[in-house]
Amino acid sequence: MPAHKSSTTFKLSTGASIPAVGLGTWQSSQSEVYDAVLAALESGYRHIDTAYAYLNEEAVGKAIKDSGIPREQIFVTTKLAAVQQLDPTSALNDSLKRLDLDYVDLYLMHWPVALNPNNKSHPLIPILPNGDRDVLHDFDFIDSYKVLQELADQGKTKAIGVSNFSIKNLTRLLEHPSTTIKPVVNQVELHPYLPQNELLEFTKKHEILLEAYSPLGSTNSPLLTDETIVKIAKNHNVSPATILISWAVWRGTVVLPKSVTPSRIESNFLVVDLTSEEGKQLDNIHKEKGIKRLINPKWSKIDVFTEV
Ligand code: A2P
């Protein structure tokens with residue numbers, strides 16, 4: 001079959017459906033994101049991913065409203081920022097107000113780390129005099145996850161999940177006696193240079209979906225000129241981005257390509273059916289190129305990506 005609009009949905013462990021391809025909005029400014037979300041919804045996307053920390057929730061919500069598409073047909077995710085960890089209830093209430101929505105479909109803990117909200121040096125990333133991020137080292141993400149569970153019970157979010165969680169942190173969360181609602185997803189950086197094979201195997205076993213952020217390799221991506229990806233793209237007469245998006249769906253992961261360019265937004269909603277041979281070639285790229293994490297914020301002394 002030639003390139004076609006994605007119609008794949010996955011099931012969350014709550015039973016709800018989530019469209020496999022969603023619009024990513026990290027680094028999309030308020031002024032850009034309004035048109036981007038409208039273009040995406042016009043192209044057929046029904047899944048929009050935002051976060052408090054992207055500082056664009058108001059424009060995302062306005063575009064959703066202005067699209068005229070019934071609310072229940074759109075899957076909306078937002079996230080609890082590190083600086084909001086001590087008060088998830090106010091954080092979600094404020095996000096809902098900015099989005100002008102009664103509920104979100106998914107609320108994610110953005111990082112397993114808290115930043116000091118009383119340090120006013122920066123609204124999102126407070127810094128200590130020595131330049132390090134003001135991380136609350138005594139913070140335990142278990143405590144804010146407890147509140148996320150309450151928010152799910154109240155219906156303010158239909159589901160809860162996490163982001164940037166390692167196997168070690170997920171294991172701790174799943175095994176903790178206070179965890180009564182399993183995270184439905186873990187959103188992480190995911191592409192052929194960082195295929196996250198162990199994490200994928202672990203999350204599949206626990207019925208947690210992996211969601212791919214920066215699936216194209218973010219800004220100035222080396223993936224878009226990778227010879228294996230370019231060759232497979234030529235075979236299908238599509239862009240390298242379409243191959244990266246198709247590969248993510250082929251592996252059973254949600255994929256969140258970001259763009260503010262209408263033509264790219266439209267083409268990023270197209271997928272091709274990869275052969276198993278092509279899938280394997282993409283799976284194997286990292287063996288030759290090495291593992292490359294492209295997004296790696298410095299959380300003071302904490303390495304959130306450390307595995308067991
Ligand atoms: P722009 O938003 O200006 O269109 P990721 O999703 O991995 O974070 O990648 C986002 C980056 O990739 C942005 O710089 C975005 O640019 C660019 N991008 C998005 N879609 C495509 C595409 N189809 N081809 C090339 N670059 C793209």
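Every residue gets a Cβ built from N, Cα and C, even glycine.
Since the structure is predicted, the reported quantities are computational estimates derived from the model, not experimental observations.
Record features, source TrEMBL:
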ACT_SITE  Y54  active site, proton donor
BINDING   H110  substrate binding site
DOMAIN    21-285  domain 'NADP-dependent oxidoreductase'
SITE      K79  site 'Lowers pKa of active site Tyr'
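Features as recorded by TrEMBL, highlighted on the structure.
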{"residue": "Y54", "record": "active site, proton donor", "Cβ neighbours (10 Å)": "23"}
{"residue": "K79", "record": "site 'Lowers pKa of active site Tyr'", "Cβ neighbours (10 Å)": "27"}
{"residue": "H110", "record": "substrate binding site", "Cβ neighbours (10 Å)": "22"}
Response to the item:
Students should find that the Cα atoms of H110 (substrate binding site) and the residue listed as 'active site, proton donor' sit apart, in Å rounded to an integer, by 11
Item to complete: Rounded to the nearest Å, what's the C-alpha distance separating K79 (site 'Lowers pKa of active site Tyr') and the residue listed as 'active site, proton donor'? Just drop the number here, would you?
Response: 9
Worksheet item: According to DSSP, which kind of secondary structure is K79 (site 'Lowers pKa of active site Tyr') found in, if we only use helix, strand and coil?
Response: strand
